[in-house]
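Features as listed in TrEMBL:
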- C40-C55: disulfide bond (DISULFID)
- 1-95: domain 'AA1-like' (DOMAIN)
Amino acid sequence: EGDYVWKISEFYGRKPEGTYYNSLGFNIKATNGGTLDFTCSAQADKLEDHKWYSCGENSFMDFSFDSDRSGLLLKQKVSDDITYVATATLPNYCR
């Protein structure tokens, strides 16, 4: 009855000055046999914490990233009355 459990993988973030992101992206996939499977990303001169970004044109999903705690928030608008929200904390690897 819908995609309630999502797997986040292939997360990447680019910090050109080491202090802020200008690019973020990840793959999101349903884990319960649902059809959800796509890459979500955003680019800007400086991505803002706590701001919602669309996962792409004609997408029903948005994401927000909080760099201070490596927190990813997702929301999926299912209908006018229903919106699913999810959170994940991502490991912070420096390369």
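Placed from the backbone N, Cα and C atoms, the Cβ positions cover glycine too.
Within the domain 'AA1-like' (1-95), the DSSP-based counts of helix, strand and coil residues read 0 helix, 46 strand, 49 coil.
The average pLDDT computed for the domain 'AA1-like' (1-95) is 87.
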